[in-house]
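Undergrad: Found this in TrEMBL, in case it helps:
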DOMAIN    7-31  domain 'RING-type'
DOMAIN    303-345  domain 'B box-type'
DOMAIN    453-513  domain 'COS'
DOMAIN    517-610  domain 'Fibronectin type-III'
DOMAIN    616-802  domain 'B30.2/SPRY'
Amino acid sequence: MEEELKCPQCRHFLRQPVLLPCGHSYCRDCVLLLKQQRRNEGLLLPSLPPLPQPNLCSSSIVPSFSSSSSAPSSSCASDTLSLAPSCCDEGDHSSAPDDKLDKLSLLSDSADSGFGGGVFRAVAVGSRPNSFLSTTGHHLPRPLPPLPCSILSPSSASTTFLLQCLVCHKPAYFADEEDAIRRLPENATIARLLVKYLQQKLTTIPVEEGKITTTNNTVVEPVPECQWCENPLGALPSKFHCGTCGYFYCEDCQAALHPPRGPLKFHQLVPSEQFRRFKSSQFDLSSPSASTSLINSQYSFPSSLAKCSLHAEQELNLYCSLCRQAICNVCTNGMRHSGHPVQPIHLAAKAHKTELSHSLQLLGAKVRQATEEIGGLKRLQTRIDENCCEFQRGVESQLDQLEELLRLRRQQLINYIKNEKERRKLQLLKQIGRSTAQLGKGRALIQFCIEILKEPEPLDYLQVGSALANRVTDQEFLWHREVKTNCPEVDEHFQLDLDILNVKTAIEQLEFLQLKAPLPPQFLAEECSAENNSVTLSWVCQPNGASIEGFVLELDSGDDNFEEVYCGQEYACSVDGLHFNTFYNARLKAFNAAGESAYSEQICLQTAPVAWFQLSEDNSTENSNEQQQTMREIRSQSVGGIVNSELLLSNNCCTVTGTSMEYRTILGTVTFSKGVHYWEVSVDRYDGNADIVIGVAQPSVSRHAMLGKDLHGWSMYVDGERSWFFHNDTHHGRMSGGVNVCDSLIGVLMDCDRGTLSFAINERPICIDAFKNMPRGLYCPAFSVNCKSTITIHSGLKVPEIFTHIH
């Protein structure tokens, strides 16, 4: 609070604080240092002729009863010139001719002064003439002290005088310097608060032991000189000081310029010796008694209520809410306040205090919130340190991993060089060994031939000479093949180079990435499709400088209950096992360490109305990878069909024939989990009394046994005379009639919703709901044949009428 009690100009405690129109207080001596001439700024304002002043004077300080947002103002939100005519009150001064009009109001060019001014109204007598008053309810200027008439000549009064606040830079305009001094009201509230604050300050300062405090250390300024003397030898010492005007006068200047008559008769003239001005910088806070005496002598206030400026005998005990001015009982009968809402001054002050308290509560709530937020900001410093240490450890760990990878790669390359050296040396040693051995053989042959040539007997020589000559000739002819000494098998130079350009570029480009969530991905509609009960989706994600760690794909069947079906780094995905004849909405989002992106635009796909399928080429899930690869090679080399170990597929995997007497199970390429599905099997070949087995199975069914042998298969097997229902190696429901001719049709109806399985032969129902209460799950069409039969499946069929009555 101490800063609020200091003058913005001298930065000391306020001395005789006066209030500028913007609401900031200055020392009365410091306020003139703010002056600026408008003509120096290039702005021209009209010169206003002086108007007669009302014969008013008061030495009392008029308290402020407006809210804290209302301050005495000579400024306005407009730059127009306003004439504010005033009506005269009835009273002691009603006969004065200069009570008919107020002075002209001069506007401020401060557009943000807080005072609106769109409607003219009468200016109260107690208001400063050089102010523009507004009827805005919340921004009315507070009442000002009564205005004495100007003591300057008409020519000098036309000069515009500007004071600009150092805090808010809002200007205030006055006719001249004298007008500014006497128009600025003393801030009595700040003065009282300053006295209270300094007294509390003095009582809290400890006095040093043994130090004597007296009142003699109070510094009093010498009597100032007259401010109006034009004596070339120097101004005379002043004799009087006007408390209203704020100037010092000698006897001659007081008699000529400030006579005690007319509008000046109410001004208080005191001897200059009795008017003591003190400097706040001379307050000795270590001497409480002296400083308290100094403060009380500087700030003395009348204990009685302020008197009315128009009716000196009346006290200001009422408040006009419209004019926002303190008035007396007699003023209520005058024309100026006739019909205006009036209330006791203590109630008005209470109402304004209530308004200020409410504003303070709102401000206090914001201050408390700001305090908590500042505390949070302070706590952020610790969190920043912790996060920085954690981030640094992460970066160091990643760099250590890179260094370890580089070290391992370095060791691998060095080992490769060493191994290559040993390999070349070994190969060279082998070449040297072979050549040396061949060389030894050649030398031995030469030595042997030389000795043979020494044979003296011709007959004996001819027995071995011919063969020996052939050996030498062959050896000489094949010498370049056996002895390769002129062509080393290895190169002495290592024709290798280390490609480090890409690595160097990668290291140079090693930089921090901004951790931010990626942009929402987008589906590629032209690459998205639905086939049978599967959908295939493809997407892209626009780069924004953020890394993408993966995508999350979600599907729903129209009830806005999205479920995650894929999470990975690929840009395409196929989802199988969906419901037939169902609309699916798909949405996608990307994610990285910084967070997740927004969801993409949804795309809608519809699965097939009915099931269409083929026979699965992968007949056995138990085969190893080598066996499956062998099967694929056999299929690729087969003519007329696809072969597995004991089943032969043809007709685009729609026809199956067994190759052994053992029954093997083969499944369709589609799974069911919901809805009603129907398909048929036509008999292409039927030899002897073989069984044709059809039905459904779970994906985990055994492929090396007849369908229905285990717990995962439900089937009907039929021969030329009868049919049986088979599940978990148990027969039931023997029915007469079978298939004894080719081109017979066997129909299968799977109701996943009801959990039932029905069969028909040649469009005649054999058994409705042959299996009931089947467990919920995934079911595949399943078939079992041997070498004595061939069947063809027909899928994508609607439910025939023979079964419609059961649904």
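In case you wondered, yes, glycine gets a Cβ from its N, Cα and C as well.
Given the structure is predicted, the values throughout are model-derived calculations rather than measurements.
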Undergrad: From the DSSP assignment alone, can you count helix, strand and coil residues within the domain 'Fibronectin type-III' (517-610)?
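TA: Per DSSP, the residues of the domain 'Fibronectin type-III' (517-610) fall into 3 helix, 45 strand, 46 coil.
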Undergrad: DSSP-wise, what's the residue breakdown of the domain 'COS' (453-513) into helix, strand and coil?
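TA: Breakdown, helix to coil: 33 helix, 0 strand, 28 coil.
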Undergrad: Could you tell me how many residues in the domain 'B box-type' (303-345) are helical, how many are strand and how many are coil under DSSP?
TA: 5 helix, 11 strand, 27 coil
Undergrad: Under DSSP, the domain 'RING-type' (7-31) has how many residues in helix, strand and coil?
TA: 1 helix, 7 strand, 17 coil
